[in-house]
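Participant: When I checked TrEMBL for this same protein, it listed these features:
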type     : residues : note
ACT_SITE : Asp22    : active site, charge relay system
DOMAIN   : 43-335   : domain 'Peptidase S8/S53'
ACT_SITE : His50    : active site, charge relay system
ACT_SITE : Ser283   : active site, charge relay system
Amino acid sequence: MPGGSLGLNLDGAGDTIAIFDDGRVRETHQELVGRVIHFNNLQSTTIASHATGIAGLIGSAGVQSGAIGYAPAVILHVYKWNQFSPINIPDLYTCAQNGVEISNHSYATKPGWNYLSGAWYWYGSDSISLIEDWRFGYYDHQRSRALDSVLWQNPYHLAVFAAGNERGNGPSPGDTQYYYDNQAQQWVDITNHPTIHPQPDGGLLGFDCLGPEAVAKNVLTVGAVSKNTSGYQTPQDIILDSNSAFGPTDDGRIKPEVVAPSDALYTPSSSADNSYTTISRTSAATAVASGTALLLKTYFNRVYGRNPLSSTLRALIVHSADRFGQAPNYKTGFGVLNAYKAAEIIRDDSLLCNGGYYIREYTLYQGQRILVPIKSKLNDSIRITIAWTDPHISALPINAQVLNNRTSRLVNDLDIRLYSEDQSNVFHPYKGDPNQPHLPATTGDNVVDNVEMIELPLNQQGNFLLQITHKGTLSQGLQKFSLVISGVEEPKVFKATQNTLWFNSQNWTSNNLPDSNALVFLPASINTLFIDSNAKVWAIDRADSNHIAIADPATLQAQAVGGKGYITLKASAQNLAGISYSKLSNTKFIRQLYIQAKAGPYSGRWVYMGLPPGVSLQKLVPQQNTLVNLNFPGGSLLHWNASIGQYQGFNSLNHIPSQGTGILAFFGSNSLGTFHMALPDTLLIEYEADSLYSLQIPIDYTSSPLNQNINQVSDGWNLIANPYPAWYDWYQQPVPGNATAIYHFNDLTGQWLSYNNGPDSLRYIAPHQAFWVRNASGSATHLSFDTSRIEKTTAKHFFKPQSTLIEFYLRVSHQSMPQLSDFVIIGNRPEATPYFDGQWDALKFSNRSPNPSISVGTDTLYSIYRTHNAILNVPLTLHIHQEGVYCFETSAEEPLQLFDLLENKSFTLTKNTKQCMPVSQGVHTQRFVLEHIPIVNLAESLCTTPTVAKFSEFFIVTNPSSHPLTATLYSLQGQVVDKLYVAPSSTEKRIIARRGVFVLHLKSIEFDKAFKLLF
């Protein structure tokens, strides 16, 4: 109606609607004059009362206010419909091709019983069933399939069809009745037949009485209810028309989709230009729905500047229908048409920044998953509807054995699921049960409808992720669909600028930056969004055209990221941008990899790396027509075969490495002339990513590797890559066989870095970074990568050890060239042993010349060494490639003693100081020993704790406990100087004849501690 309660002033001006009916409209009627155009030579035929009434319901001008139509200024194109032949279907194609986007079809083929000339005739087939006409609910070739074909070829045209008035049709006892005998090819009187009694249309309960037009997938099928001038407020207000046909279709689809008011609607009459009449039943209801659809289409165009897909109108009409808390059913479908609510959804969407949040039109491609994050709205219930125009499909064979074939008539089966934030709850769409048509719809996997709806109870609060996928193979590899959502919180929306900075509050509609709980929506008007600092939100929803660029070292953290536009992860010489998420649409990433030049005659360098999933080696070739040597040895691209312990080449650049495969790639120029690339440069790797899943990466083992140059301990090495586009936290990573240490190599500096269960920054593995891990004794078959370990913060600096963990580094560096350096990590763990512990220690890989290498041990060399005792007495091995003066320094909070056994000297190392000495080229395994002993706190005492008191030349040990105590005095070289036994509740004294630093070790069954004593 013009104006309307929303004040939209929609009257159909400039729009056209097609009416397919049984004859000519009285075009001279005062309500219609000048706006009716006939086709099919209808101008020369007799004026039809039904066609005139339908035209009036849709388009009456309102000369009489009670007769005003839904679109009083619309142009009416009228086409002929023939009940017995689908000759009008080509006309439907023509009018759709001519730009008419709504057509009204207030008619239906009439299977089953028909009343003609004073008698009842049954149009079923006696060879199939003498109880039910097989055409009810059947998807046929001439009408159902033909309509779907036309509408699939014209996806912006919505055809609105009557459900029909067949329910309950049939003779009363004593009425004359006939059926057609196919064998005799004649009508047979069965008025008094003893056995042949076809049931009334729809049977005793009234279900399954839709004609073939109403069964088509892509039409909007409309049933009839009594009008209610006070509005529909409760389920009891919905009073069904006595003959409005019920579903289901044979395959179980929910038809009709909606019902509309129908009884005694005032409209122009065909008898005179100023006469009026009333019209009822599904014909009237269909006209109401068609007029509503036309105005919604007009309003949509006004808001968005384009016409909606017909599936969008179907989704809007179904979504906004009133059911008052009831589930859909085969009688009233999804409820009573509510034009106000449908228009309100368009209006609310338009009030957002450029819209496109509550109403969306997508294209789902083969294998794609679309994610839409949503937040529930207080005092409301989430409702989600999708609809799509499905391709036509062949009719199924009909026989007496399968009267109602339940085989789905869908070609493209789309699926919607709604997940709670923790994914513990999954909500499914409604689905009907055609075998129990009297029951309301339940929820589950809907495999038959091309309209699906998910609905949550009132006040089901929280964050949710909507997922849209498909089954099987999509026809032509894609399917357009429409999505409508309501009952959700309005997201934080960017203002419509072409290029937008995240950290500019003026770029947000609220003028406030989003917080960690925010749902962010990027409309199609945003071209590129720049994130130049760490950003954290709950989820990002966006149009497919958006591009998000994350600058290094920023990290974007979101539970979910929707849309399939590009995300660029930038890089510099120092940093990589990162992204952390749990769920992702099929997003396209551009990963930047900054490759620095290495000094020397050739600027090229080797890089340990991995590739994103599904990416071929070709992405590593920086330029077209680049010569790439894939041979081994001598190649530029290698992988490690752990089953034989040997590098190997690849067969082709088209090879796609499996996820988690480590690659050794050469970039730049070298003597082989491969991978010409002037370094430093940025390599761009473009790929499509999916949601992040926990993975199992295979690892292998050989005890006799062909290449034994990896390390002094050569068995069981595997080259693995972080499979995620985000930083991965290896801290306390569970690894079978205790192979927890990992090793990174930086070819730019020629240095190895090892990490094993420490709190330092090495715990974070960069996106797609490759590293070595040892499968000790072949005890494991795979490494498990868990998405819960994906780094969700950006703090990757060194964490200071807790006071309970004594852990420090010892660094050695060239005095005049401090960049030539190396370090080891030394610490105390009560769980550790004096031997190699896979979960605490790490083996040492020797650095490339000219870097020095420092390690703990003389036989097995350690880069990380942790012992079970606070007393540390560790031999060091120093591998010097270039003779010179080398300096030692430490991060230890307490002083260390460094003994040079060759020079018979000792040095005290303290934090922020250096001790330097000349060291010759070569491997030094017996020269340096490091001592670390906690200083005793003589004031420390408890009633049962042993105490030590030191005087000028002696010390006293007091044992107040009920258990004996052993006290052993060591020199710093580990020699036993003295040993005494202290009985329970007693004291012992010893004189120390020499001067120096000693270690006193006290041990009982309840006490074990060492002290440093200076005499």
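Cβ from N, Cα, C; glycine included.
Predicted automatically and left uncurated, TrEMBL annotations should be read as such.
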Participant: Tell me the Cα distance separating Asp22 (active site, charge relay system) from Ser283 (active site, charge relay system), rounded to the nearest angstrom.
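Facilitator: Each residue's Cα considered, Ser283 (active site, charge relay system) and Asp22 (active site, charge relay system) end up 12 Å apart.
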Participant: Let me check the 10 A CB neighbour count of His50 (active site, charge relay system). How many other CB atoms are there?
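Facilitator: Around the Cβ of His50 (active site, charge relay system), 16 other Cβ atoms lie within 10 Å.
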Participant: Looking only at the domain 'Peptidase S8/S53' (43-335), what is the model's average confidence as pLDDT?
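Facilitator: Here the mean pLDDT over the domain 'Peptidase S8/S53' (43-335) amounts to 93.
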Participant: For the active-site residues Asp22, Ser283, which Cβ has the most other Cβ atoms within 10 Å, all shown protein chains included?
Facilitator: Ser283
Participant: For the C-alpha pair, I'd like the distance in angstrom between Asp22 (active site, charge relay system) and His50 (active site, charge relay system), rounded off.
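Facilitator: The Cα atom of Asp22 (active site, charge relay system) is 7 Å away from the Cα atom of His50 (active site, charge relay system).
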